[in-house]
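TrEMBL has this to say about the protein:
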type: TRANSMEM; residues: 12-31; note: transmembrane segment
type: TRANSMEM; residues: 51-68; note: transmembrane segment
type: TRANSMEM; residues: 80-101; note: transmembrane segment
type: TRANSMEM; residues: 122-141; note: transmembrane segment
type: TRANSMEM; residues: 153-175; note: transmembrane segment
type: TRANSMEM; residues: 187-205; note: transmembrane segment
type: TRANSMEM; residues: 225-248; note: transmembrane segment
type: TRANSMEM; residues: 260-293; note: transmembrane segment
type: TRANSMEM; residues: 313-333; note: transmembrane segment
type: TRANSMEM; residues: 354-374; note: transmembrane segment
type: TRANSMEM; residues: 380-401; note: transmembrane segment
type: TRANSMEM; residues: 452-480; note: transmembrane segment
């Protein structure tokens, strides 16, 4: 590899980080008089192009240099295209559902706020927990990735870079909140696009493909893993995107629905192109003889094929990749940080606690994040930990988006989400004929690229099981309410369309239509109970 010297590598890395520090704190100073609401969110303030750049910066991270080339070596071109489409197209869920949720929850800025209004506090806290855990895991993955990139490209210890990046992004996001993250992502997103184009051109010009290796590689042929991923990846990525508050913050930040649609469309197109280009480096590595390498006892891992291609390139290309990687990592990490602050403030403290206390708590969270990032064995494995949870939870959650499903409650969502995970265990225990391996499948310890049908079955069991358990919980609740109504000698009204009665704060009472006159005259509450928010 045309590896820059240690001095040059340090200069490139820390100069890039220093520029982001100066830029971030400088812009944050201009925002010093913003309100608490502006610090946490930017509802209806952004146009299409900034939104597109922000979605790009938030969706990409330095981990893409490992995960997408690896899929090329395992599932060939089919795998690359499936992974690219599965990563880009789910962004349209925000342009499709964002306007609906914003109409139902105009003051919200994260998905959990709508969940609180639609399903109640317990369900909102459940979703908040998995959201914060997901953000934490993504932070771990991002720091792990940038540490590995630095060590691979420069031979330097990645820990100091991780620490400095955490300090710098914490400083400017603490000063400017969501708005500073949005502004810096505009710049970082534009930088990344340009740098990726330059790196792609350099690889294309300098790398020599041996055409005799193309056919024997089998990477242009269809394969079982590629067909399995056609289902697994869209389910995993689409549902997991629901847990990423950094996307929802940007969704609510759009000035109009039209800006949101244009921004998401541009972002999805550019992300599709970028990811496909990066994924194809795995194919190029195979066809140029770089992967698996000349040493059969020590083959080049598929996740390292992008970096293997850089070995024959000039040092300036490696320098560009370093700048690109640091930019990607800072953009992703500051978005995750600001999203965690906004989510924790809204979901756990209802925006009543001083934001600096929450900011301090997030700083404390970064310490174990760094520790885990150093020990993280696989970036993809980190992402997979939350994928099954999202696959089990989101299908039952989004039922409530339909006004026709007014009878669906938070009890069903929580039971469905937990039941979906339990269903994965049941499937794994049956599939492996071993309860312990069934438990391991819930964590996907063998990844999604394993042979057989275990991973595929897990991602079928999670959403299907979640829906089965959710509707089973619905049947149980209705049965209990029916029995109670019969015992009390009152009309069974659990399936009546609720009539909303405004209450204090976030809470509103709802009663069955047939009992409204009675409630108004007596002041008593019907058996239907209460529901937070103004959904119906």
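All residue numbers here begin at 1 and follow the chain in the order shown.
Backbone N, Cα and C define each Cβ position, glycine as well.
Since the structure is predicted, the reported quantities are computational estimates derived from the model, not experimental observations.
Residues 55, 58-59, 71, 74-76, 78-79, 82-83, 85-87, 89-91, 93-94, 98, 109-112, 130-131, 134-135, 138, 181, 335-336, 338-340, 342-343, 383-384, 386-387, 390-391, 393-395, 397, 448-449, 453, 455-456, 459-460, 463 of the same chain lie 6 or more positions beyond the ends of the transmembrane segment (225-248) yet place their CB under 8 Å from a CB of it. Below 8 angstroms of C-beta separation, residues 66-67, 70, 97, 100-101, 115, 118-119, 127, 130, 133-134, 137-138, 140-141, 144, 235-240, 242-243, 408, 412-413, 416-421, 423-424, 442-445, 447-448, 458-459, 462-463, 465-467, 470, 535 of the same chain, each at least six residues beyond the ends of the transmembrane segment (380-401), sit close to that stretch. Between the transmembrane segment (80-101) and the transmembrane segment (260-293) there are 3 or more Cβ pairs closer than 8 Å, counting only residues 6 or more apart in sequence, so the two stretches are in contact. Pairs of Cβ atoms less than 8 Å apart link the transmembrane segment (354-374) most often to 122-141, out of 122-141, 187-205, 313-333, 452-480.
Across 51-68, 260-293, 313-333, 452-480, stretch 313-333 shows the highest tally of CB pairs under 8 A with the transmembrane segment (187-205). Each of 153-175, 260-293, 452-480 was scored by its Cβ pairs under 8 Å to the transmembrane segment (51-68), and the highest score goes to 260-293.
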